[in-house]
Protein chains: 4
Amino acid sequence: MAQEIQKENNDHLVQSSDPEHPANLIPDLCRRFYNWGWVTGTGGGTSIRRDNHIFIAPSGVQKEMMKSDNIFVLEFPTPKYPPSDRKYIRKPLDLKPSACTPLFLAAFERGAGCCIHTHSQWAVLVTLLVEREKGPNAYFEISNIEQIKGIPRGKGKGMMGFYDTLRIPIIDNTAFEEDLTGSLEKAMEEYPDTYAVLVRRHGIYVWGDDVVKAKTQCESLDYLFQLAVEMHKLGLPWVKET
Amino acid sequence: MAQEIQKENNDHLVQSSDPEHPANLIPDLCRRFYNWGWVTGTGGGTSIRRDNHIFIAPSGVQKEMMKSDNIFVLEFPTPKYPPSDRKYIRKPLDLKPSACTPLFLAAFERGAGCCIHTHSQWAVLVTLLVEREKGPNAYFEISNIEQIKGIPRGKGKGMMGFYDTLRIPIIDNTAFEEDLTGSLEKAMEEYPDTYAVLVRRHGIYVWGDDVVKAKTQCESLDYLFQLAVEMHKLGLPWVKET
Amino acid sequence: MAQEIQKENNDHLVQSSDPEHPANLIPDLCRRFYNWGWVTGTGGGTSIRRDNHIFIAPSGVQKEMMKSDNIFVLEFPTPKYPPSDRKYIRKPLDLKPSACTPLFLAAFERGAGCCIHTHSQWAVLVTLLVEREKGPNAYFEISNIEQIKGIPRGKGKGMMGFYDTLRIPIIDNTAFEEDLTGSLEKAMEEYPDTYAVLVRRHGIYVWGDDVVKAKTQCESLDYLFQLAVEMHKLGLPWVKET
Amino acid sequence: MAQEIQKENNDHLVQSSDPEHPANLIPDLCRRFYNWGWVTGTGGGTSIRRDNHIFIAPSGVQKEMMKSDNIFVLEFPTPKYPPSDRKYIRKPLDLKPSACTPLFLAAFERGAGCCIHTHSQWAVLVTLLVEREKGPNAYFEISNIEQIKGIPRGKGKGMMGFYDTLRIPIIDNTAFEEDLTGSLEKAMEEYPDTYAVLVRRHGIYVWGDDVVKAKTQCESLDYLFQLAVEMHKLGLPWVKET
């Protein structure tokens, strides 16, 4: 693959003094996510699309220490190569691209501007509780909590309401992160309005129309997962009984 | 509504080098509240009254990223217009005013100098536990905990004592935040000494005579709610049995 | 009492560019304690003795915002005046002295160099669990946890060992903090080797030969209280059964 | 032992403007570990090997306040002297060497580049739960959690897979930290692929080929211990039943 990297390696694509530039935003976001415990131990990842470029955090680095120089860049739209042939237009020579890349691409192909992947323990616990309580094909659902209003009802459909029931699909984990792509895309088709997919025993993928929406939706979901775990401990049902 | 905004837009009302100016304090407070998990996912809000002006955090922004320039200003006293006619004397053109505005106004009309709205999970869990244990019309109550002394007994009545029972009313949530105004005002009338109202499945409104009092009362209440949830997990009653 | 304040008010006693000066250390410590949740809502306090001066954090201020200028200074040894006659050699004119003062003095009279008072929720929960499980006169005890080695066995007796059982006396809370003095002193007499006294439904007083020892002993105790609460939730006994 | 310290004391060994120098990295890591609650109350420690030098955090200091000047240096390989004869080539005159030293050496002799010792409460709780549920000779084990992939399968064997079962040996605590050396080395022999050993009622030793690997493996393990404790509270088994 090394020969595919352009000589100049397009370092200018990740060099900007603008704090809102994706190559600056990704390290800043990862530092914040690390402090919430979402991406410790090199877990998780983040990707931003801007115009015809996709900026991606690398694999296996300390997320709170990331630098702009560590960012990979792909062209968008990206031809559906198998991962081994994926052509990065900017690639840090000493780092591996994120195994989340095809999953991020699935979100971008559906119009996302930013996609966040966390290993939040609240998300993992919620997937385990749903599996035990409702079976392997069940989704997470919660209703009548104000924070639900932080999640969109679907593209161009406004935000959810307090009385709505939020449903987040859960897919099974796989040995290799890339192999999640098929089931993630299937969940996106079955839940065309969702902005997130939980991965059992693993974490969550959350996306949004832009960076702020992806980040705040990720925060609202994590709030709901933490609340749901505490509610379960206290014997409180997630969906209000009527 | 755009035509109602004065041309000059009174930007000077939110520009000050004084860190104690409300337009500087609100972003600072919101950053702190974000780190406690009270206003993640754009939830919650804060408002300060100074002389005949009310300064209000905008709706739907990342609370930890807020800038003075994002602050709305209303005249006080504020005529009781319906929300759509509410006249801001300073309004960031790209932002929406907070849906909490009429609730903040209710506190200011009762003499508050600052009002804080959080989505604290401890507050939400407490409302759910009270509902299940004591029914939909019950209030939260706790006694014989030192931190209760951080809550005033009522306007000009000094602080609560260790042996006092603190009671915080709980109102039902509504689909639209503005629609809470009626029941919030009713709770304020029924509990004329309260400095806080819990909103079931939503969070809390806390106010105080000034910014420091509102903030420290909010901290004391959140401490008590967290303690109450942990006490419940351990089978410890909130009100000391005698 | 105002007439007792010396005209010059000895402001120089709290003005130093040395970060290790008590008037600089107290605000720094309080900021750290606030971030652990020990002194939110203006709760708790800290006092340092240096030579013949005692430096004390004021009452009722935001602990994370404290400044050197807010510090009270007492002479040491301090004559046993009733609180209303206590003579501060340096007194911020706009602040109230801490109600913890006589309790801090009790520690200093026993040779402490620093005394810390927190409202730690773990400490409060431990006092409630001990009361329910072992009765109103019982102490907290825990054994066979490495962190016990962070607590001294008594003045000049070295540190506790892993197999030792740490015991911390618990006194009943009173309506006014000053009124704790008698039972605190009684607990100090009954447990002459203790460096801490828990106050039921209130928090803890921890002291040490110097600032570092008081702070690290406070951290070790809080670690043990948090662990003890989690052990109780999991049905694990605090003292190892043999 | 004082006479063994070379006059010049080799202060240059801990003086560097390179933030990646071990004498700068150790204080930086300890500050981070303190904020996770792993080394409060002077507990825990960290050591880094570089070329033929071992850099070690001192005993009994506030870990978040450590300075490069506080670091001990040993030659590597280190002759197996009894601790009292151990010869430091750089030694802060006012500090005691860490009791963890022989345990760190055991890791370095097996090829580690960095070894971290924490008193993480999650680690302690996991050792207590394993002892009660499976007996005193049992190890910790967990499977089918994505974060397991943050732990190596063994030297040169790549990382663990999602379906693998991670096993961490648990050794009994001893009165003196040095006395753990024998059982730590025995556990390393019995589990030649492990990068960590839990110490019952005490904490954990984690090592890695270099600083980044030790730190991120420590984070991944702590994530798994916290998750395991929460899973236990919720009645969820640690190893997936098949």
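Counting begins at 1 with the first residue displayed.
Yeah, the Cβs are placed from backbone N, Cα and C, and that goes for glycine too.
DSSP assigns C:Glu146 (active site, proton donor/acceptor) to a helix. If you take the C-beta of C:Glu146 (active site, proton donor/acceptor) and look for same-chain residues 6 or more apart in sequence within under 8 angstroms, you find C:Phe162. For C:Glu146, the entry in Swiss-Prot reads active site, proton donor/acceptor.
Taken from Swiss-Prot, the feature substrate binding site applies to C:Cys100. There are 23 other CB atoms within 10 A of the CB of C:Cys100 (substrate binding site), with all protein chains counted. DSSP assigns C:Cys100 (substrate binding site) to coil in the three-state reduction, placing it in neither a helix nor a strand.
Look at C:His119 (Zn(2+) binding site): DSSP puts it in coil. All chains included, 27 other C-beta atoms sit within 10 angstroms of the C-beta of C:His119 (Zn(2+) binding site). Under the heading Zn(2+) binding site, Swiss-Prot lists C:His117, C:His119, C:His202, citing sequence analysis as support.
Positions annotated as compositional bias 'Basic and acidic residues' by Swiss-Prot: C:1-11.
Sequence annotations record features per position, and here Swiss-Prot assigns region 'Disordered' to C:1-20.
Cβ-based neighbour count (10 Å, all protein chains) for C:His117 (Zn(2+) binding site) stands at 29. Recorded residues C:His117 (Zn(2+) binding site) and C:Cys100 (substrate binding site) have their alpha carbons 8 Å apart, per Cα-Cα distance. Under the DSSP three-state reduction, C:His202 (Zn(2+) binding site) is assigned to coil, being neither helix nor strand. Proximity to chain B, taken as a Cβ less than 8 Å from one of its Cβ atoms, holds for C:His119, C:His202 among the binding-site residues C:Cys100, C:His117, C:His119, C:His202.
Each of the recorded positions C:Cys100, C:His117, C:His119, C:Glu146, C:His202 was checked for a CB under 8 angstroms from a CB of chain D; the ones meeting this are C:Glu146. Proximity of C:His202 (Zn(2+) binding site) to non-local residues of its own chain (separation of 6 or more, Cβ distance below 8 Å) is seen for C:His119, C:Val124, C:Thr127, C:Asn173, given in sequence order.
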